[in-house]
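TrEMBL has this to say about the protein:
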BINDING   Phe24, Glu78, Phe257, Glu281  substrate binding site
ACT_SITE  Ser79  active site, schiff-base intermediate with substrate
MOD_RES   Ser79  pyruvic acid (Ser)
ACT_SITE  Cys93  active site, proton donor
ACT_SITE  Ser263  active site, proton acceptor
ACT_SITE  His277  active site, proton acceptor
Amino acid sequence: MDKQQAQQLQIAALPPEIESEHFFEGVEKLLEVWFDERATGDLRNITRNQWENLLRHVKCEIISFTQNEHIDAFLLSESSMFVSRRRWILKTCGTTTPLKCLEQLLKLAQVEGYTVITDIFYSRKNFTRPEVQNSPHKGFYEEVTYLDSIFPEGRSYCLGSINQECWYLYTFSQPEKEGEEEEEDEVKPNQKLQQLQLQQPADFGDPDQTIEILMQQLDNDVMALFTKDKFATGQEVTQSSGIDLLLPQMHIDDFLFDPCGYSMNGINDKGEYMTIHITPEEKFSYVSFESNVALDNYTRLISQVIKTFKPGKFIVTIFANKSSLAYETMKELEIEYSTLSNWQRTDMQCCNFPSYNLLFAQYSRGKSS
């Protein structure tokens with residue numbers, strides 16, 4: 001599949017006045033769902049055909065697949081999907097509609113014995129062109145309304161400047177409940193999907209952390225690498241750009257779109273992942289980096305990513321639960337990065353949820369960066 005074919009999956013839904021304009025929304029919608037670890041099922045038992053049917057609701061397709069004993073990684077026509085035993089992640093760009101596949105996901109999860117959801121995260125940066133999006137993604141209020149209809153216990157947040165650059169988050173997060181009755185886990189057949197239980201586990205489970213680096217106003221020479229004019233394959237540009245050096249232990253599955261654009265997934269033997277997606281066109285260039293690799297300090301990784309892609313501005317978000325190496329060090333590492341780099345921090349916010357800490361920071365070019 002080339003990039004033009006990927007865009008044709010969506011072009012019919014665009015308003016007539018912008019159909020003729022060349023534009024692609026690089027900003028992704030990121031959806032992550034965790035199910036109760038006490039269940040004995042495995043989301044990786046869901047077949048490829050079932051995933052393909054689910055992704056039709058999203059308006060994207062599977063173009064490549066890799067796996068190991070811990071995680072399945074799907075490269076999509078618009079970004080990525082990762083599936084582990086009880087965690088599901090979907091990240092899609094363009095005018096895709098990931099929230100529309102949620103009910104189908106919950107049905108598939110129920111077949112695997114998952115009737116209790118422990119964590120829900122939906123996040124995205126503000127769109128470059130929100131007017132091209134399809135329902136229920138035309139605005140964050142619409143997205144929240146849609147999510148609330150399925151998960152009435154959810155909470156929504158906006159970090160950053162709501163009239164400039166910002167980052168939206170919807171999550172299920174509630175204080176731990178002592179002495180919760182396990183017999184409540186049963187879901188009666190006549191209950192609707194939105195009555196699936198939302199429950200925090202008794203402990204904080206396995207360490208979990210996610211770092212995202214969302215970059216804009218990228219260097220033209222760097223972006224020129226991610227075109228068919230420069231390279232024939234994803235592997236060539238992965239090596240030439242230095243992407244393969246960011247986290248060398250990752251097994252990489254990459255794809256170079258025609259005429260331009262790039263996506264990659266990486267997975268390692270621990271079940272950790274990384275994913276990068278690049279929209280190189282100068283007028284709306286965008287690069288996203290995401291990984292759940294466990295580090296107690298992300299300063300070096302952030303620096304490597306920024307030096308690789310050379311953005312004019314970027315956002316960093318870091319989620320870490322109380323079992324993670326990064327949980328107590330997030331604020332300190334951000335201060336360290338601000339001190340050691342020439343980047344100007346324009347905004348920084350820290351949030352404390354019942355089992356997670358969240359760091360949000362924005363940067364723009366300093367005088368000598």
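Quick reminder: no glycine exception, Cβ is built from N, Cα and C everywhere.
Note that TrEMBL annotation is computational and uncurated.
Neighbours of Phe257 (substrate binding site), defined as other CB atoms within 10 A of its CB across all chains, total 24.
Recorded residues Phe257 (substrate binding site) and Ser79 (active site, schiff-base intermediate with substrate) have their alpha carbons 12 Å apart, per Cα-Cα distance. Within 10 Å of His277 (active site, proton acceptor), as judged by C-alpha distances, the recorded positions found are Ser79, Cys93; the full candidate list was Phe24, Ser79, Cys93. Glu78 (substrate binding site) is 5 Å away from Cys93 (active site, proton donor) when you measure Cα to Cα. Among Phe24, Glu78, Phe257, Glu281, the residues given in the record as binding substrate, the maximal Cα to Cα distance rounds to 16 Å. In terms of Cα distance, the recorded positions that sit within 10 Å of the residue listed as 'active site, schiff-base intermediate with substrate' are Ser263, chosen from Phe24, Ser263, Glu281. If you compare Cα positions, Ser263 (active site, proton acceptor) sits closest to Glu78 out of the binding-site residues Phe24, Glu78, Glu281. Each of the binding-site residues Glu78, Glu281 was assessed for Cβ neighbours inside 10 Å, and the highest tally belongs to Glu78.
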